[in-house]
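> One structure, pasted below without further comment.
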Amino acid sequence: MRFLQLLTLLSLLLLVIVPPTSATFYTNVSSIPPSHLLNATRSAWETFSKLAGCHVGDKAEGLSKLKQYFRRFGYISSSVADNNFTDDFDDVLKSAITTYQNNFNLKSTGKLDAPTLQQIVKPRCGNPDIISDMNAGKKLRTVARYSFFPGKPKWPKKNRELTYAFVPRNNLTEEVKNVFARAFTRWADVTPLNFTRSESVVGADIVIGFFAGEHGDGEPFDGPMGTLAHASSPPTGMFHLDGEEDWLISGEDVNRRKILPVTSVVDLESVAVHEIGHLLGLGHSSVEDAIMYPAIAGGDRKVELAKDDIEGIQRLYGDGSSGRRSETSGGDEFGGGLVFRLSLIVTCMLLVCW
Ligand SMILES: [Zn+2]
Ligand SMILES: [Zn+2]
C-alpha cells in the first residue's frame, strides 16, 4: 500500500514539472477548418504507405521504422533493441505482420498489402496490443475478444466511487469536461462503479491531462494523428491525451458512426470511452465494433459499448444490479490476453527520476 501511495505522490509531481499543452477543440463539425477535412496525411505513419507490396527478401527504406512501430505495439519482442532494426524485410517482420493481420481481422498474408497498410496508418490508442513474453521461446498471442491486463488488476471492491480530476493547467472548458463525464457514464451504466468529478488532482483516483510529445512517462506523443492517447491499468489512474490533436467535442450525431468522410479531427468522446476502459482494467479487443478495438479513423465516432466491452467489464466488476453482482475472482485472463507495460514503465520512470 505504501508503494501505491508513493506512486500517487510521484504522479502528482510529474504533473507539476511537465507542462501540459493546450489542445484544440472544435465544438461542432462545421467549425473544423476545411484544410483539416480532407487532410488524412498529417500523420508520420503515412510514410509507411510507400512500402506497399513489400515482402520477405525485399529491402526498402522505412522498414526499420515499421519494425519500431510493431515493436511499440507488441508485435516484435521488446527485448530487440530499436537500433538493431534494418531495412530488410526479414522473417521477424513477416511474423509481426501476420500476427497483426490476425488481430485486425485481415487476410493473413505476411505481406504489406493495401488493406494492411491502410490499417497500420490509422490513428490509434498508444497502449500496446500485445507484449512478447520475455521468456524465450514463447510466441506472441493473438487477441480475439475482450482482454485484461496481466494479473487482471481492477479497482478494489471498497472503492466503487471513483473520482476524476483534470490537470489544472490545461484550462479545459466545461464543454470539454462534460465530454469526459458522458464517457464515464457509459461505463457506470453497466457496472457498480460511479464516477464523480473532483476539482483537485490531489486525492483523485483518475487524473486526466493533455500533453505534447515527451511528457515524462516514456511514452511520448507524436503530434497529429498516430497515437491519440494512453491510459494506465488500475489503480494508477493516469489518463493522457495527445495535446497536438484536433479534437471534436460535439455530442451531436450520437448514432452516426461516421461523422465525416475523411478528417484529421478526432472525436474526443470516442477516445475517452476507450481509455476509460483501460483505466478500469480492460485491454484491447479484436472485435471491430468494440470500444476496446485499438484503432479509430479520423472522423469516426464510436461511443456505445458493444456486447464484447460489457461482457469484459462485467467479468471484472459485475453488472451493478443488486443481488446479482457477479464479480469473478481469479483468473481467466483470456489465454494471457493482452499485456500492457505502460504503468510499469511509468512506475520505473518515476522511481528513476526521483
Ligand atoms: Zn487502447
Ligand atoms: Zn503519458
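Cβ atoms here come from the backbone N, Cα and C positions, even for glycine.
From a predicted model like this one, the values you see are computed outputs, not experimental measurements.
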> Looking at the ranges 18-38, 123-143, 228-248, 249-269, which is given as motif 'Cysteine switch' in TrEMBL?
123-143
> Which binding-site residues from the set CYS125, ASP222, HIS240 come near ligand 1, judged by a Cβ under 6 Å from any of its atoms?
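Checked binding-site residues vs ligand 1; flagged CYS125.
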> Take every residue in the domain 'Peptidase metallopeptidase' (151-319), average their pLDDT values, and give the whole-number result.
91
> Taking the Cα atoms as reference points, how far is ASP217 (Zn(2+) 1 binding site) from HIS274 (Zn(2+) 2 binding site) in Å?
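On Cα coordinates alone, these residues lie 20 Å apart.
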> Can you tell me which of these binding-site residues sit near ligand 2, meaning the Cβ is under 6 Å from at least one of its atoms: ASP217, ASP222, MET292?
ASP217
